[in-house]
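Asker: Take a look at this one; I'll ask things after.
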Amino acid sequence: MPIIQFPKGLKWGTATAAYQVEGAVSEDGRGLSIWDTFSHTPGKVKNGDNGDIACDSYHRYAEDVDLLHQLGVNVYRFSVSWSRIYPNGKGELNPKGVNYYHNLIDKLLEKGIEPMLTLYHWDLPQALQDDGGWANRETIDAFILYAKTVFNEFNGKVKYWQTINEPLCAAFLSNYQGVHAPGFQDLQLAVDISHHLLLAHGRTVRLFRDMRVEGEIGTATNTTWREPFSIKAEDMEACKREIGLNIDWFLDPIIKGEYPGYMVEWFKKKGAELPIKEGDLEAIHQPIDFIGVNYYSGNIARYKKDAGLLDIENIEIDYDKTYIEWPIYADGLYKVFHYLAERYGDIPLFVTENGACCIDQLSEGRVNDQDRIKYYQQHLTAVSRAIESGINITGYLAWSLLDNFEWAEGYGKRFGLVYVDFHTMERIKKDSYYWYKKVIANGWMEI
Ligand SMILES: CCOCCOc1ccc(-c2cn(C[C@@H]3NC[C@@H](O)[C@H]3O)nn2)cc1
């Protein structure tokens, strides 16, 4: 059996997000978020699922940290619920909310696990949405107040920070496709919000530097790969647009100080223009310490007139797919790494999400998820190939520690290394948990 070796200094961990695991949505002063509103709106989430209880991690965080400790990780990525800290998004601070995250972080540090804190993982306080949400530039000011509070509270304890998780989803799935909260379907709105999210990111990084907060700050970027069906220019351009919307649209302004011209023109053709004001690009263009890479899937694709936002169609050849219907395309992750390095230079890349949704059958207290193990083997091989090729990859976080609330898909789509019985909240380690534990302990894997 071939052995794939990983560098000794590679960080290993898992990731979750507040609304997907915490529950306790009305406890200890937490205010409503847009995902509370959205998930309680009939027809928005499969099976009418919502995050009211989720994995009950608000009450079971010590148990979750024990699972992390037994797994042997050295990093745990979680997000802070903005509306636990500021129930109305701004104004009165909620000390019980702050205290919850001190307890979680202290428990992690006690077990020798580095917290990676995501400031925004899609759960905008509903009170701010009522004032226009991310479409309103004043929401950026509220975010800066919230970020300043979090920096002040956890500086010195937290060493890894991420600003906004997957701005593509927060802008376009939420305001163009309408499949995520708050559920609008307006391209100009989505483009405006993508710009405001980048402004919030840039001003937060500036604040982080001005406050001399300890540690490193970075992004959490959606990434994907599209291999052109042919070398025809129209096919190659279509694939560039899909990759470009995920990566270039969000990372070019941060790292290059400008939007990708070909995408600006594309959106203009579709009737949407960027709301750039004097000084915006300078505010966004702040040096970051790492690019957070979130990767799940890729495909072969070709140009198709008027197909979706980008005039592109996937060629559904018989790739194996995960249970959420995403093709398994590990070579795409390898291509993404090289794309990022060629476009942005040697900025450290930290895989902050990668994982598989599988049909997890619990039988006699065991989940034999060989399909998930195979997915991880394939994608960790891509990580090793890239490192061997000289790409600066510093960490890898599996999505996710726990089965959790997978947004509009609800609880039926399980990504966890740990199975959660959502009736009893019992946590049951899957076979992939034991496999990942061994990879972390050994620093190598068999394929
Ligand atoms: C305009 C074109 O737009 C099409 C993009 O369509 C999608 C759909 C879904 C995703 C998607 C979903 N996930 C999993 C979550 N990541 C964060 C964590 O909370 C996980 O639950 N990652 N990416 C990306 C893009």
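Including glycine, each Cβ sits where the backbone N, Cα and C put it.
Remember, TrEMBL labels are computer predictions, not curated facts.
Annotation source TrEMBL lists active site, proton donor at Glu166. TrEMBL lists Glu353 with the feature active site, nucleophile. The substrate binding site annotation in TrEMBL covers Gln20, His121, Asn165, Tyr296, Trp399, Glu406, Trp407.
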Asker: Determine the minimum-neighbour residue: among Glu166, Glu353, Glu406, listed as recorded positions, which Cβ has the fewest other Cβ atoms within 10 angstroms?
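Answerer: Minimum Cβ neighbour count within 10 Å, taken over the recorded positions Glu166, Glu353, Glu406, occurs at Glu406.
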Asker: Could you round the CA separation between Tyr296 (substrate binding site) and Glu353 (active site, nucleophile) to a whole angstrom and send it over?
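Answerer: A Cα-Cα distance of 8 Å.
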Asker: Taking only C-alpha atoms and a 10 A limit, tell me which of Gln20, His121, Trp399, Glu406, Trp407 are near the residue listed as 'active site, nucleophile'. These are the binding-site residues.
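Answerer: Near the residue listed as 'active site, nucleophile' by Cα: Trp399.
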Asker: If one looks at the chain holding Asn165 (substrate binding site), which residues at least 6 apart in sequence have a CB under 8 angstroms from its CB?
Answerer: Ala17, Ser79, Thr118, Tyr120, His121, Trp122, Ala220, Asn294
Asker: Which chain neighbours of the substrate site, leaving out Gln20, His121, Asn165, Tyr296, Trp399, Glu406, Trp407, have a Cβ atom within 8 Å of the mean position of the site's Cβ atoms?
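Answerer: For the substrate site the neighbour list reads Ala17, Glu166, Glu353, Ser400, Asn404, Phe415.
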Asker: Max Cα distance spanning Gln20, His121, Asn165, Tyr296, Trp399, Glu406, Trp407 (substrate binders), Å?
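Answerer: Looking at Gln20, His121, Asn165, Tyr296, Trp399, Glu406, Trp407 as a set, their Cα atoms extend up to 18 Å apart.
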Asker: In whole Å, note down how far the CA of Glu166 (active site, proton donor) lies from the CA of Glu406 (substrate binding site).
Answerer: 14
Asker: May I ask for the distance between Gln20 (substrate binding site) and the residue listed as 'active site, proton donor', taken between their Cα atoms and rounded to an integer number of Å?
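Answerer: Roughly 15 Å, rounded to the nearest whole number.
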